[in-house]
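*Asks:* Sharing a structure, written as structure tokens. Questions coming.
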Amino acid sequence: MGRHGNRDKKAQKQWLSEKRRGADVEEDGGLLKAEEDFRSYYDSQDFFGPEGGEEQAAFWESLRSALPVTLRVRDVAEDSLIALGWKRRREFDAAGMSVWEIDSSQYSRDSKLRNWAERENRRGTVCFQELVSLVPALLLAPKPGDVCLDLCAAPGNKSLQLIEALAGQGAGGAVLSADNDPQRCCLTLHRVLGKAASPMSCAALAHAGHFPVLVDNSSSDRLHYSKILADVPCSGDGTARKNSQVWRSWSRRDALSLQRLQRQILLRGLYLLPPNGVLVYSTCSLNPLENEAVVLSTLRKWHNSRAEGREDRPKLLLLDAVAIIKDKCGLQPAPGLCKWRVPSPQRGGPLFQSFAEVPEELRSAERFSLQPEMFSDDPLAQDMVRCARFYPQTCNTGGFFVCIIQKSAAAPLGPPVRQLNDKQLEGRGAHPLLSTKFHRISASDSAWKELTSFFKLDLAWCKDKLQRGLLFWQTMKGKSEPERVTLVSDAVANLWAAKPCDGRKVAWARLGVFLFEQLPKGLLSGLAPCRWRLHAEGVMVLAPILQSRRVCLEPALVQQVLCCEHRQTALTEGTPLANAVANGAGGNETGYHHVCGGIMVGMGDSWFPGVVTPKQLRILVDDDAAEALLEQILLLATAPLQPRAVPASPSK
């Protein structure tokens with residue numbers, strides 16, 4: 001890094017002289033445009049060493065090119081993807097993930113392809129996700145029963161990936177997704193987690209830097225998050241390939257202003273981590289101030305607290321992320337930086353390699369001051385090679401940073417930081433967007449008796465879930481009647497029942513998978529003996545345990561309903577559709593007569609919610625699901641329909 005030394009010192013002297021003369025009265029001094037400063041700053045960091053001129057040129061050329069559009073595929077046939085022009089990225093095959101990409105220009109000009117991908121993303125069969133953003137959840141590698149905490153979860157794709165990893169092992173656990181922004185948490189994150197339709201999911205409105213310690217209500221022991229993901233807020237300049245705004249608005253001040261928050265979140269995550277627990281810290285930034293500097297200063301602070309008599313803090317182990325990534329997938333990361341330069345806040349201003357070089361004006365500045373923890377002048381900085389960096393030219397990705405920290409098993413967790421009180425204060429649940437509350441269902445609840453009787457739910461299943469406390473009512477604030485029924489895993493139930501040490505209730509935005517919801521107010525009033533209908537999320541959970549209200553239709557009949565306005569059609573006496581409804585939703589009567597209310601509609605192995613009125617049937621799917629079903633019916637028309645096996649009713 002010596003080739004920059006004389007230039008840096010000259011720039012520092014010139015900048016300091018001009019500043020003391022009052023020459024930089026404008027906020028950025030008008031010295032450079034954003035793109036010029038962006039290039040100058042990263043050229044000075046020597047990402048590729050003194051002899052890395054060609055690699056540096058390839059870096060800028062790649063960063064200026066468009067990023068391919070990438071999908072993580074959850075439930076789409078490979079032939080369909082190939083037919084649409086998608087190409088498989090084999091790097092994640094060993095990890096059991098199906099990842100596909102397509103050139104961004106082809107994606108932009110092909111409206112059919114684009115509409116299909118966006119529709120399937122809304123449905124949840126695919127997920128738009130950059131290759132490098134798949135890495136953090138992959139590194140956490142949750143095991144059966146793990147409780148995972150995603151501290152900065154929105155929009156939720158990484159949480160979704162963790163949920164799928166747990167579900168793929170056929171065992172319990174939980175993924176608690178937290179976000180500090182009400183809009184992202186209660187709307188975006190809520191919607192994305194709905195795609196998982198998993199009892200292991202839950203979401204809370206919470207600040208990652210102050211996330212509460214949760215204590216088991218019965219044992220007073222701290223609840224453990226064995227895997228924690230801290231994908232922290234960052235400047236995002238690693239996304240320049242898909243976000244052209246980076247080139248026009250890049251600023252040194254973004255990283256300078258975010259570093260304290262990033263370090264606070266990382267420290268909190270490490271405090272919450274139990275012995276042997278694993279935390280992954282990541283950003284979509286190339287800036288060492290947000291990456292290696294945050295990790296180094298955090299480890300230094302943790303190490304110093306142990307040296308000052310805090311032996312109760314277990315040691316932290318910075319794992320070799322580069323080696324682990326190469327073992328788990330085919331991407332080729334670069335090691336982290338051991339040295340970096342810290343910028344003055346003004347565009348075109350000097351860069352500093354050590355805190356000793358920083359003038360007093362910048363040390364004591366009211367905003368964007370430079371602090372010792374930003375610099376690499378520490379022996380621990382040599383360990384930063386264990387972090388991993390992704391450069392765009394290496395594997396045709398965006399820029400990314402990730403590191404893995406494990407807490408040793410040498411010392412137990414300390415006691416809760418505060419004394420628990422029986423009376424808890426209202427938490428952030430008072431926010432207008434967070435308008436729901438959850439409470440456990442009891443077998444004696446009249447609404448539960450009505451619901452189980454009407455749909456004839458498997459009694460053994462119901463008894464098991466009620467005894468374990470896994471079924472909840474969701475009520476809207478200000479209302480006494482429940483709006484939905486949700487099913488959770490044992491781990492999510494434990495999280496809900498726990499008490500936070502700060503005395504404030506956890507502001508839950510979501511628990512588990514929704515099974516049932518109330519019919520709209522006024523619909524079938526006085527006609528339907530039960531006011532509940534199936535929720536679209538929970539249909540596949542309910543399919544094996546619902547012993548009544550099942551209407552099985554041939555594809556042509558489903559097509560008939562879907563092609564009608566509002567996906568609603570008349571039930572004319574004696575027609576195949578009316579007879580099918582009577583068979584599945586009838587009482588003791590015959591012919592076209594049926595009992596009004598919610599039903600489950602089946603076509604082959606597919607199930608979806610519906611409702612019948614005295615003279616009409618409506619299938620309760622949105623436009624995306626209806627369009628996909630019609631495509632499925634067209635495919636079935638070219639091949640004989642296989643006999644549908646009705647799932648057996650399990651005891652658990």
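Going from the start of the chain as shown, residues are counted 1 onward.
From the backbone N, Cα and C atoms, a Cβ is placed for every residue, glycine too.
TrEMBL entries are annotated by machine, without manual review.
According to TrEMBL, the feature active site, nucleophile maps to C284. Per TrEMBL, S-adenosyl-L-methionine binding site is recorded for C152, A153, A154, P155, G156, N157, K158, D179, D231. Here TrEMBL flags 8-24 as compositional bias 'Basic and acidic residues'. Annotated domain 'SAM-dependent MTase RsmB/NOP-type' per TrEMBL: 59-408, in sequence order. Marked as region 'Disordered' by TrEMBL: 1-29.
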*Asks:* Taking the centroid of the Cβ atoms of C152, A153, A154, P155, G156, N157, K158, D179, D231 as the S-adenosyl-L-methionine site, which other residues of that chain lie with their Cβ within 8 Å of it, listed in sequence order?
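*Replies:* So the extra residues in range turn out to be D150, S159, S177, R184, L189, V192.
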*Asks:* For the C-alpha pair, I'd like the distance in angstrom between A154 (S-adenosyl-L-methionine binding site) and C284 (active site, nucleophile), rounded off.
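*Replies:* One finds 14 Å between the Cα atoms of these residues.
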*Asks:* Among C152, A153, A154, P155, G156, N157, K158, D179, D231, listed as contacts of S-adenosyl-L-methionine, what is the widest Cα spread in Å, to the nearest whole number?
*Replies:* 13
*Asks:* May I ask for the distance between K158 (S-adenosyl-L-methionine binding site) and the residue listed as 'active site, nucleophile', taken between their Cα atoms and rounded to an integer number of Å?
*Replies:* 13
*Asks:* Near the residue listed as 'active site, nucleophile' in space, meaning Cα within 10 angstroms, which of the binding-site residues do we find among C152, G156, D231?
*Replies:* D231
*Asks:* If you draw a 10 Å sphere on the Cβ of K158 (S-adenosyl-L-methionine binding site), how many other Cβ atoms land inside?
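*Replies:* If we count other Cβ atoms within 10 Å of K158 (S-adenosyl-L-methionine binding site), we arrive at 27.
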*Asks:* My understanding is the cutoff is Cβ-Cβ under 8 Å with a sequence separation of 6 or more in the same chain; which residues meet that for C152 (S-adenosyl-L-methionine binding site)?
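*Replies:* Expected: A178, D179, N180, A208, A230, D231, V232, P233, I265.
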*Asks:* Looking only at the domain 'SAM-dependent MTase RsmB/NOP-type' (59-408), what is the model's average confidence as pLDDT?
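*Replies:* Mean pLDDT for the domain 'SAM-dependent MTase RsmB/NOP-type' (59-408): 93.
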